[in-house]
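Participant: Sending over a structure as structure tokens; questions will come in a sec.
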Amino acid sequence: MSEMTPREIVHELDSHIIGQDKAKRSVAIALRNRWRRMQLAPELRTEVTPKNILMIGPTGVGKTEIARRLAKLANAPFIKVEATKFTEVGYVGKEVESIIRDLTDVAIKMTHQQAVEKVKFRAEEHAEDRILDILLPPARDAWGNNEEGNNDSGTRQSFRKKLREGKLDDKEIEVDVAAPQVGVEIMAPPGMEEMTNQLQGMFQNLSGGNTTKKRKMKIVDALKALTEEEGAKLVNPEELKEQAIFNVENHGIVFIDEIDKICKGSNSHSGDVSREGVQRDLLPLVEGSTVSTKHGMVKTDHMLFITSGAFQMAKPSDLIPELQGRLPIRVELEALTADDFKRILTEPNASLTEQYIALLATENVKVEFTEDGISRIAESAFQVNETTENIGARRLHTVMERLMEEISYDASEKNGESLIVDAEYVSSRLGELVADEDLSRFIL
């Protein structure tokens, strides 16, 4: 789990997301509180529940991007889901409990990777030994048994050195590797996912779990495959499962996007029961319940839930009161200005302008964005957002793609040339489209 301070988390988010300081502070505090809770005495720890967050703001202002970046920073089981993918129990579609099952799968995979990383050095040594046994078969005595002392012979050590230096990488050998398990795909009816998971496991066991097959491959590929195989042997699956369930229960973070789409708007008179039903199904998860997964029972009492929505067709007060009460921290994200667009184009790591410069550099075309050119792009995107539908920073992608379309198409024929994207160039490519509202609606 991440031990970063709130200030460090915000600083890291600043390098990818422009503005939205309130939202960044809220998620940073929530993430740090996960660490603080684990430092408490066990009796008090069980009483401290996470303060779930509701992020409100128009589309394209950074809600989803905050979730993506948080997932990388958290170093904890994290899952992002769309609320619209789920339906009420009894309707065709996914049930909300599958969120916890998927999160547990993420935790199992994450814990397994961490455990394998810890034994990587030993696993590599074992893999090297297996390859050296193929390259230099051990000498046998009269009874066919391996003679001792061969492992430390000078020739073997010389080959081990060459192997580590990569001098044998392209040599082909025949090696015994674990045969891939034959997957049995079973379509699960709603609510029966657990049973189908068990059936799949049963069929895989029947097909033989630990069969090996001989494969011819280069030593570099064999070393990778055998290291993974040896690493899996050195970890205890039961311990991993226990650790993963502990992690998911105490550090798990669930990000639910588009929560406003399951609100029944105040002007809505349709009989859309399943929308409100999804909210009611979410209640026990957010409040704390026990969910059955193929890895065991998982409690959701101390998981952190972060929800977000644009709330253009509905209001936060349209959520059912019980769910509103379980999302105590409200954060409003602000709409982006032309200045924000200008910063988005230049400040974040791997900004849009950086990406286009790097992409065209692969064709030996040098692209340079001037200060006034970037300002004009930002103003154009902001103007189109104001006159048509406001889609936030996503408009920049559309505008930039339109702006760079010609040079991207001709780049392969302009080897060694340069392009300066200034205000005049931007106006010549976008001026007419931005000025004509009807064209903007269809093209930008």
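Every residue, even glycine, has its Cβ placed from backbone N, Cα and C.
This is the feature table in Swiss-Prot:
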BINDING   ILE18, GLY60, VAL61, GLY62, LYS63, THR64, GLU65, ASP257, GLU322, ARG394  ATP binding site
REGION    141-161  region 'Disordered'
COMPBIAS  147-157  compositional bias 'Polar residues'
Participant: Quiz question: given the binding-site residues GLU65, GLU322, which has the greatest number of C-beta atoms lying within 10 angstroms of its own C-beta?
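Facilitator: Neighbour-count leader: GLU65.
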Participant: Let me know the DSSP-derived helix, strand or coil state of VAL61 (ATP binding site), please.
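Facilitator: VAL61 (ATP binding site) sits in coil per DSSP, no helix or strand.
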Participant: Per DSSP, ILE18 (ATP binding site) is which: helix, strand or coil?
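Facilitator: For ILE18 (ATP binding site) - judged by DSSP and reduced to three states - the answer is coil.
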Participant: Listed ATP-binding residues ILE18, GLY60, VAL61, GLY62, LYS63, THR64, GLU65, ASP257, GLU322, ARG394 - what's their greatest C-alpha to C-alpha distance in Å?
Facilitator: 34
Participant: Would you find the one among the binding-site residues ILE18, VAL61 whose Cβ has the most company, meaning other Cβ atoms within 10 Å?
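Facilitator: That would be VAL61, with the most Cβ atoms nearby.
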Participant: Looking only at DSSP and grouping its letters into three states, which state does GLU322 (ATP binding site) belong to?
Facilitator: helix
Participant: When you measure from the Cβ of LYS63 (ATP binding site), which residues in the chain that are at least 6 apart have a Cβ under 8 Å away?
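Facilitator: Listed in sequence order: ALA23, MET55, GLY57, ASP257, SER308, LEU333.
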